[in-house]
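To keep things clear, I will list the structure first and then write my remarks on it.
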C-alpha cells in the first residue's frame, strides 16, 4: 500500500503543513483577485487594507469575500466530519450519508424551497437569498432523518449495530430520495431548477447575510471537535482496548458522531450538500502527511484547500456561467479516484 | 441450520399465484377501470371493442415492460451481490445508470431526441459504454480485481453524474425531460420498445442461469474456486456481461429504478436462505411482483393522474426491507433470550 519512505525522500510534516498553508493563502488571494470584474492586485490590496474605490470595495468585500469565507468554512467542516466518520465507523467510505443525513436534509430544503415559492416569494430568493430558511429546513430534515434511522436501528437485536444501521439507513434514504424526485417532478420547471441548484451544492451568489452565522458557528465547532480528538486516538486502538484504558466507548462514539453530524449540518445549511470533499480530504491528508491514524486537523486544512480550489474552477471554467461547486467536487473526486485505480494497476 | 426446501416451494407457489393475480389486475386497473371478465375477453379476442383496445394498446405493453424490468433488475441484483460478495452491491454501481443518464441528457440537449424509442437507444448505448469503461479500468492491472471494479464504478459514476448535472444546469429542456426520466416509470411505453430489448434481456438472463454453479463455487473465494476447476476470470467476465445486458435493458425500458436490485434479493434471502440455485429462479418471480405492484399502486393512488413506478417501488420496497430486518432481528433476539433463560433455569435446577 504505502511505500516506506526512503532516507533521501523524507518529508517533514512541518514542511508539508507550511506548504499547504502557503497554497491555501495563495489560492484565497487568487480567488479574491480574479473574476469577471477586473480588479488589479494592487486594488485588492488597497481594499483589504481599508481603502480603495467604491465599486472595488463592493465587489471584493461583498461578493468575493463572503464566497471565499463560505468555501473555507464548508471545506474545513466537511473535511473534519469525514475524518471523524471514517475513523469511528472504521470504513474508508464512511460518511454522514450512511445514516441518511444528506438525503433527509435535501428533503427538508426542497420542501422549504417549494413551499416558499408556492407562498409567493420568487424562486430565486427562496433558493439563495432566503438561504437561512432553506438552511433551517435542511438541518431540520437532516436531524429528523438521522434520528429516525438511529431510533429504528437502536432496537435490541442479534445482528451487529453497524450492519443494521447501514441497512436501515439505505432503506430510509431510498424512500426519501424517491420522495425528492417526486417533489421535483411535481414542481414548476422554474421551481425545480432553483431547487436543483441547491441540491447540487453551490456557493454562488452568497452574501454576508446568509454566510456569517453558519461561518461563525463552524469556526467555533471545528476547534471544539478537534478537542475530542484524543478520544478518537484511543478509540482507534479498538473498542475493547479503549474500554480497557478507561474510555466510555459508547458515550465517546456518540459524542464524536454528534460532532460530525453537526459539522455536516452547518456546512449543508451554508452551501447545500457538497459531495466527495468529506470522502477525499481525509484520505488525501492521511496519505500526504503519512499519519498513523485518521488525519484530523490536516483534513480541516485539506478540505478547505480542496473546496477553495474547486470553487475557483466552478466560477471560472465556463465563465460567465457559474457551475455549482458540488458538481466540480464530484468530477474532481471521481477523476482522482480513477487516477489512483489506474496508477495502482 | 434449518432446511429451507419446503419454505422455498411455498414461496414459489405463492409467488406464482400473486404474480398471475397481479397481471390480471394490471390489465384491469387504470384511469379507465375494466371488469375482470371484460379484461380477459378483451385479451383473448383482440379488436372486439373498447375494452380490448385499451387492454392491447395500453395495458399489455405496460405490463410486459414492468415484468421485463422486474426480472432484469432482480436477477442482476443477485448476480452483482454474489459476484462482489457484498450484500449491499447494486447493479447501478457498474455505472450503467449514470452512463445512460449522460447519453439521454446529451441526446436531448444536442440532438433533440425526446421520443421513447430514441431515448431507449441512447440509454442502452450509454449504459453499455459506461459498463465497458468500468470493466476496462477495473480489469487492467493485478490484485483484487472486483474491489477495484467497484471503486472504478463509484469513480466513474461521480464523474458522469457531474457531466449530467452540468448539462442539465445549462439546458432547461434537457432538465425538464431528465427529471421525469430519472424517476423511472412505465407510462405510455410502446410494445416496440419492450420487444426490441427482449433479445438482449433474454441473453443476459440465460447467461446468468448458466453461471449459477460456477458462481456458487466462487462464493468460497477465488482461490478455492480456481482449485475446484472454475475458470475464475471467465466466470467473472460472463457475470459482468450478464449484469450489463440485464441492467442496461431495464434502464433503457423504464429509466433508472434503483432500489429493486437491492431489495428483492434481500427479501428473498431472508425468506429462503442464500443458495443461488434457489434465489435466482425465485427472483424471476419476485422482481416482477414488486415492480408490477408498484406500477398498479401508482396508477390508482392519485387518480386521475399517476405516480411513477420508480417512486412507488421505493415506498413499497423500503418498508418491506425495514420490517423484515427489524422483525427477524428482534425474533432472533427473543430466541436468544429464551435460550439464555432456559439454560439459566437448568443451571439452578442442578
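Yeah, the Cβs are placed from backbone N, Cα and C, and that goes for glycine too.
What TrEMBL says about a protein is an automatic prediction, not a curated fact.
What you are looking at is a predicted structure, and each value in this text was computed from that prediction instead of being measured.
Features as listed in TrEMBL:
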{"type": "TRANSMEM", "residues": "B:63-80", "note": "transmembrane segment"}
{"type": "TRANSMEM", "residues": "B:92-113", "note": "transmembrane segment"}
{"type": "TRANSMEM", "residues": "B:119-137", "note": "transmembrane segment"}
{"type": "TRANSMEM", "residues": "B:149-171", "note": "transmembrane segment"}
{"type": "TRANSMEM", "residues": "B:191-212", "note": "transmembrane segment"}
{"type": "TRANSMEM", "residues": "B:224-246", "note": "transmembrane segment"}
{"type": "TRANSMEM", "residues": "B:252-272", "note": "transmembrane segment"}
{"type": "TRANSMEM", "residues": "B:279-303", "note": "transmembrane segment"}
{"type": "TRANSMEM", "residues": "B:309-328", "note": "transmembrane segment"}
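Contact check: the transmembrane segment (B:119-137) against the transmembrane segment (B:309-328) gives fewer than three Cβ pairs closer than 8 Å, residues 6 or more apart, which falls short of the contact criterion. Ranked by number of Cβ pairs under 8 Å to the transmembrane segment (B:92-113), the listed stretches B:63-80, B:252-272, B:279-303, B:309-328 are led by B:252-272. Listed by sequence, the residues of this chain that lie at least six past the ends of the transmembrane segment (B:252-272) yet keep a Cβ under 8 A from its Cβ atoms are 4, 7-8, 11, 65-66, 68-70, 73-74, 76-78, 80-81, 87-88, 90-92, 97, 100-101, 120-121, 123-124, 127, 181-186, 189, 193-194, 197, 278-279, 282-283, 286-287, 290-291, 309-310, 313-314, 317-318, 320-321, 324-325, 328. For the transmembrane segment (B:279-303), the residues of the chain that approach it from at least six positions outside its boundaries are 8, 11-12, 15-16, 18-19, 22-23, 25-26, 29-31, 62-63, 66-67, 69-75, 77-79, 185-186, 205, 208-209, 212, 257, 260, 263-265, 267-269, 272, 309-313, 316-317, judged by C-beta separation under 8 angstroms.
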